[in-house]
Amino acid sequence: CYFQNCPRGXXXAMSDLELRQCLPCGPGGKGRCFGPSICCGDELGCFMGTAEALRCQEENYLPSPCQSGQKPCGSGGRCAAAGICCNDESCVTEPECREGASFPRRA
């Protein structure tokens, strides 16, 4: 299930380390599911509500929580592709997610 909408109480308090990446999707499996109808990848950009994202509905039936993307962004989202931030329902453009910004820089 997607981390944001897993059934409450089904799992004990989980640390981020226990979250797996959501299902692969898109051409050649190069994308990751970010929500039931969202498939994104660095090389692909994002597919929303298209055939490439159909597989992402399967994630709703898996019991363990997942979260795709490395860097948090926006309101409860993760960087999904260059310049794009997605949560499990939608995506927005996000300069923080541009290439080269994917890893927090240590001062």
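Note that Cβ sites are derived from N, Cα and C of the backbone, with glycine treated the same way.
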Message = Say a student had to find the glycine amide annotation in Swiss-Prot: which of G9, G29, G69 would be the correct pick?
response = G9
Ask   = C56 pairs with which of C33, C40, C73, C79 in a disulfide, per Swiss-Prot?
value = C33
Disulfide-bonded cysteine for C40 as listed in Swiss-Prot, from C25, C46 = C46
Message = With the disulphide bonds as Swiss-Prot has them, who is the partner of C39, out of C22, C25?
response = C25
Task = Name the cysteine that pairs with C97 in a disulphide bond per Swiss-Prot, restricting the answer to C79, C86, C91.
result = C79
Ask   = C73 pairs with which of C85, C86 in a disulfide, per Swiss-Prot?
value = C85
Ask   = Which one of these disulfide-bonded residues, C56, C73, C79, C85, has the sparsest Cβ neighbourhood, judged by other Cβ atoms within 10 angstroms?
value = C73
Message = At a 10 A cut-off on CB-CB distances, which of the disulfide-bonded residues C33, C39, C91 has the highest count?
response = C39
Request  = From the disulfide-bonded residues C22, C46, C91, pick the residue whose C-alpha lies nearest to the C-alpha of C56 (disulfide bond).
outcome  = C22
Remark   = CA-CA within 10 A of C66 (disulfide bond), subset of disulfide-bonded residues C1, C6, C79, C97 in residue order, equals C1, C6
Note = Sequence-ordered, the disulfide-bonded residues among C6, C22, C39, C73 whose CA is within 10 A of the CA of C46 (disulfide bond) come to C39
